Amino acid sequence: MTKAPVAPVVLVILDGWGYCEETRGNAIAAAKTPVMESLWTAYPHTLIHTSGKAVGLPEGQMGNSEVGHLNIGAGRVVPQELVRISDAVEDGSILSNSALVKICQEVRNRNGKLHLVGLCSEGGVHSHITHLFGLLDLAKEQRISEVCIHAITDGRDTAPTDGINAISALEDYINHVGIGRIVTVSGRYYAMDRDRRWDRVQRAYDVMTQDGVGDGRKAVDVLQASYAEGVNDEFIVPVRIAPGTVEPGDGVIFFNFRPDRSRQLTQAFVSPEFTGFARQQIKPLSFVTFTQYDSDLSVSVAFEPQNLTNILGEVIANQGLNQFRTAETEKYAHVTYFFNGGLEEPFAGEDRELVSSPMVATYDKAPAMSATAVTDTAIAAIQKGIYSLIVINYANPDMVGHTGQIEPTIKAIETVDRCLGRLLEGVSKAGGTTIITADHGNAEYMLDEAGNSWTAHTTNPVPLILVEGEKVKIPGYGTNVELRSDGKLADIAPTILDILQLPQPPEMTGRSLLQPAEYEVELSRTPIPVGLN
């Protein structure tokens, strides 16, 4: 007997598509988006919060893709690593952190150097410079004789030239605490690649590991010289400015807390079977990462991962239902690893498909990215008729928005809008329901108040639109579904469970965005478990 095809819930995450009524510097407002505009007019919609305490960050802190997908998938507000580590610095408990104290002892016993590696930024997305200050306090208390700082500059989650302020603050703190020196400087474009562009990573790695006394400049001089040549923080070419090579017997603390852009450089240091580029592994080398970048890495972890249970993917799997995730390279980890609460392995019945991002230096050169291929992949999954939940991420608004180039970002937005129209046709034919939303803002605010380019995320809310399939009514809510106006990302998973008529576990503390209504239900839809993959 042939089983009826499943009418799926399709969650579409428009990465970096925020909401802002101001039109100046707003690539979304400037773009032609007939699909999104018609959906906003015709279907239930609301705005939801994606920053600050609504996603487990400090008040006023902008959200990001990792935090956004983690909250969406968990169905609860997840306290973020930024808060956990900042609290440890503020209350002094970082000074007694067992992994950090141990590496200091090992370095001291071997008479080695302690290397502090990470993004020197106040962005709070991958790191925070106050965490580096806490490590300098630790090194002083542990009587480390030589502390070498390998500064990575931001310019992506901060203004393009904010790095000089961060580096100046770091120099001031070094003078205050009386320990440490900046020995290398590298833009995150090189040191924090996540797309296996190993030639970039190698340039940062070589500067850190090859012998040399440096050119004697101060770090702020390096930045000023780069700015004069039109090269901003993100793209600072790796350079050594003082002695302090990573050598056998040394220790490294990588103080980024976000894993995705920290894995590759870490692999270059510690993976015995590393093949990204030719290098001689440094042994012995003590290595601590602030958080768990990858469970397969041979490192110590200062702040162990939080254990999240009964997240959305797990609930779907435990019900015997199938699910599908797809995104292009830039956001694939977000719809898989982060969406699943930091778990690498898929749940039972969870299929995934990676679409390769175009190999370009920056995405303003290819604003369409791989959105068409992502759409094709999603439609093919819908047509299989076996998935109860399909999760899709369109990377364009965020990745092109980060370049600060408005015209290419407009093209990126328009590409996504066209793809969305085609995707919705596929969902409609399958009788499915689509939730369209975003993980954080970006492309809606690309100029600051002074008219300068803004390349970071925003604290703006994001849209959420609920699109029911034709002749398919959400059980219990009837034809005139309304959405709450005070929602947050943690409410999306309960909303999906509500639509699928699945029980919400107690660990999932978000609330469905669907407003109860007193209507006659014309046609209910119950998901049908299908054991085909």
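Including glycine, each Cβ sits where the backbone N, Cα and C put it.
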Which of LYS53, LYS102, LYS331 shares the substrate site with HIS126, ARG156, ASP157, ARG188, ARG194, ARG258, PRO259, ASP260, ARG261 per Swiss-Prot? LYS331
For the Mn(2+) 2 site that Swiss-Prot lists with ASP15, ASP439, HIS440, give the additional residue from the candidates SER38, SER65, SER485. SER65
Counting every protein chain shown, other Cβ atoms within 10 Å of the Cβ of HIS440 (Mn(2+) 2 binding site) number 28
Show which residues of the chain containing ASP157 (substrate binding site), separated from it by at least 6 in sequence, have their CB under 8 Å from its CB. MET62, ASN64, SER121, GLY123, GLY124, VAL125, HIS126, ALA456, HIS457
Taking the Cβ of HIS126 (substrate binding site) as the centre, how many other Cβ atoms fall within a 10 Å radius? 26
Mind giving me a neighbour count for SER65 (active site, phosphoserine intermediate)? Other Cβ atoms within 10 Å of its Cβ, every protein chain shown. 28
Counting every protein chain shown, other Cβ atoms within 10 Å of the Cβ of HIS457 (Mn(2+) 1 binding site) number 30
Name them in sequence order: residues not among ASP398, HIS402, HIS457 whose Cβ is within 8 Å of the mean position of the Cβ atoms defining the Mn(2+) 1 site. ASP15, GLY16, ASN64, SER65, ARG156, ASP157, PRO397, MET399, GLY401, HIS440, ASN442, ALA443, THR455, ALA456
Distance, ASP439 (Mn(2+) 2 binding site) to SER65 (active site, phosphoserine intermediate) (CA atoms, angstrom): 6
